[in-house]
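To keep things clear, I will list the structure first and then write my remarks on it.
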Amino acid sequence: MEILNQRLNQQFDSWMGPRDPRVRGWLLLDNYLPTLSFTIIYLLIVWMGPKYMRNRQPVSCRGILVVYNMALTLLSLYMFYELVTAVWQGGYNFFCQDTHSGGEADNRVINVLWWYYFSKLIEFMDTFFFILRKNNHQITFLHIYHHFTMLNIWWFVMNWVPCGHSYFGATFNSFIHVLMYSYYGLSAIPAIQPYLWWKKYITQGQLVQFVLTMIQTSCAVVWPCGFPKGWLYFQISYMITLIILFSNFYIQTYKKKGTAAKKDPRHNGIKSVNGHSNGASHTNAVKNRKARTD
């Protein structure tokens, strides 16, 4: 195992240059193998989990879902607040910010972005809850792609560019996740569920996030400041893939199916959330349920 870690580290260092010494020794960051292992385990569970649950009753998980989603809401709120205040403290430049001129603000950003990276590991639980509740229609290519790529991308970000221009996407995403996880936490409470109205706007906000992140990243290409351009080009490319996938989800879910869902008497005016309405699965309405995009 140690030999494999050394070979991977040598290969990455030869490709990408020296790592940022400020994160040396941090949990999960010194070696890529733990992150890769978590990813492989995640993909295996995605593949095997639905098979295991095929002939079993769905698990409600309602109480756990409330706690889980509210915990991620609070974590996202903390990360958003810390990033905004740290960026303000360091006088970060919106158009381009290097990784070493922010002083103590850079250290604050690095600390928060480690939590952001770690939160992507926690968010694997989103998929596991879908499997336990037999909401397999929500385990889409978009959902899986978004989850496993974010964890791996942010391992590399944290090792080579853990502050500076890397802050923007994480800040905006943390804000969106405050809205998203609060929605899904509240939607697990039957008495509150009928009053939730902002799910559609979460997807719109995610699309705005990707577009603005791509624009902000492009600014650093046009007006360089020393932030590695290879990272900028990769970020732009990744944002394009997310814009395409999320746009397709939005069109399929809200444009083409919106009219049909309104006419479906089985919903009785209450939208299905995560495959449940009033806390009970209604498997007869699979075709009309909306998938999460996170």
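The backbone N, Cα and C atoms fix where each Cβ goes, glycine too.
Taken from Swiss-Prot as is:
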- 274-286: compositional bias 'Polar residues' (COMPBIAS)
- 261-294: region 'Disordered' (REGION)
- 26-46: transmembrane segment (TRANSMEM)
- 64-84: transmembrane segment (TRANSMEM)
- 112-132: transmembrane segment (TRANSMEM)
- 141-161: transmembrane segment (TRANSMEM)
- 172-192: transmembrane segment (TRANSMEM)
- 207-227: transmembrane segment (TRANSMEM)
- 231-251: transmembrane segment (TRANSMEM)
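The transmembrane segment (64-84) is not in contact with the transmembrane segment (26-46), judged by fewer than 3 CB-CB distances under 8 Å for residue pairs 6 or more apart in sequence. Tertiary neighbourhood of the transmembrane segment (141-161): same-chain residues 12, 16-17, 19-20, 23, 26, 28-29, 32, 35-36, 38-39, 42-43, 46, 99, 110, 113-114, 116-117, 120-121, 123-124, 126-127, 227-228, 231, 238, 241-242, 245-246, 248-249, 291-294, selected by CB-CB distance under 8 Å and a gap of 6+ residues from either end.
It is 26-46 that, among the stretches 26-46, 172-192, 207-227, forms the most Cβ pairs under 8 Å with the transmembrane segment (112-132).
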